[in-house]
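**Q** Below: one structure in structure tokens.
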Amino acid sequence: MAPIPKTVGRIKLDCSLRPSCPLEVAAAPKLCKEFGPEDYGEEDIVDFLRRLVESDPQGLHRIHVDGSSGRLQLWHHDYLLGHLDDEGKSTGQSDRGKGAEGLGTYCGLRKSFLYPPQESEPCPQSPSASATFPSVSDSLLQVAMPQKLLVTEEEANRLAEELVAEEERMKQKAEKKRLKKKRQKERKRQERLEQYCGEPKASTTSDGDESPPSSPGNPVQGQCGEEEDSLDLSSTFVSLALRKVGDWPLSARREKGLNQEPQGRGLALQKMGQEEESPPREERPQQSPKVQASPGLLAAALQQSQELAKLGTSFAQNGFYHEAVVLFTQALKLNPQDHRLFGNRSFCHERLGQPAWALADAQVALTLRPGWPRGLFRLGKALMGLQRFREAAAVFQETLRGGSQPDAARELRSCLLHLTLQGQRGGICAPPLSPGALQPLPHAELAPSGLPSLRCPRSTALRSPGLSPLLHYPSCHRSHPNQPLSQTQSRRPHPLKPQDPSKGWDILGLGLQHLSQAR
């Protein structure tokens, strides 16, 4: 059913404002007129609004709905004159079929919202006008733009100092972390070294002649103790040395040292062979040069040498001569200048039935310390094992000149008995030892002191004193005499000059005198 229009034609707008009014007078929207149900009656509100819009061809008026009363309000806008005329027309034409709610809008927004008024004075006729059309403040147009900061010279200096201080703090912090990590590594390395050097020590040596001699007879041990006391283990030098000891294998360190001294050792061996003819007391061979090493490395090597010496002495006292030879050989690689190590290894070789090796070690011990009583005794025992009784008797006589030696007197008596038997047989010496004599003998018995001793069929293999603590290094030459040996092991026995057979009875006479004195 089509609505019945109440009126036809344009609606007469009784607006008090005219287009000719000055802008400053009508800059703000003014309420012109209100429309209610009594104005459009039964007419369709859409048709009424269309006629209302057509009555304002210049687009100076806007229609709003009062939220409180629900009446239509006609507002007058002079600032849209000439600026939004065309836009108002196009908007009115496009919104004709959309009802009153879509009239005069752009994308759902009123033109009054898109283009706010230029003055902030609200309309005096309606209190809702100020809320519907908010005023534009000058502060909205004054946008704060970013500006370049102007820094003074004092401020720049202060900022520079702060940056430098912060950088220094970061450097100090990094340095502290580095030092802390370094200390932790040093502490761990020191613990590993102490754990390595603090291996289970050998059982305490039994009392007897085989115990190490006292301090006057142990100059090497005294020197080691003094050197260890003089070292400051907390110093940086010692810590660096210990680090090198922990990183380098022992064999590599020793081989490096041995490569630096082969020439000196060869000269010492030649001079020792040339001076064999003179009495042992007059021998003064040139000792081989020492390996240049730092105090820290020397202290660690000496400590390991002492540990291996104790182990070797313990094995020798219990009759394990093969194992003792291995330990003494390892100890000699760490401390090749200790004459006691060669004497103890000579003792083990003599007990194993290897007189040639025993003679070589005894000669080296006397080279390192000429006139050493235990070295002379070991030399005599090795000569007895080689059936060279006349030379052995001369060595035992030299030993007795240094003081009372019951063992030397007993061995001298045995040598004289062998020489007497040879003289009765027409001066024919006993045949040399067979190759089997160099092998260890299986028979063993306990000596009076409780130490096992080997029974030798050709000589009285009595227990000989003089075992000393030795040091450590891996190599074994006891079971492979034909293989190339290290420089400390490659010394072959130098044949002593045989004496005139006519002097044999002189030796017997001197031997009897020494035997009577020893008793």
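Glycine residues also receive a Cβ, built from the backbone N, Cα and C atoms like all the rest.
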**Q** Which residue, chosen from Ser215, Ser278, is annotated phosphoserine in Swiss-Prot?
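**A** Out of Ser215, Ser278, Swiss-Prot attaches the phosphoserine annotation to Ser278.
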**Q** Counting by DSSP secondary structure, give me helix, strand and coil numbers for the repeat 'TPR 1' (305-338).
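**A** Grouping H, G, I as helix and E, B as strand yields 27 helix, 0 strand, 7 coil.
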**Q** If you average pLDDT over the repeat 'TPR 1' (305-338), what do you get?
**A** 88
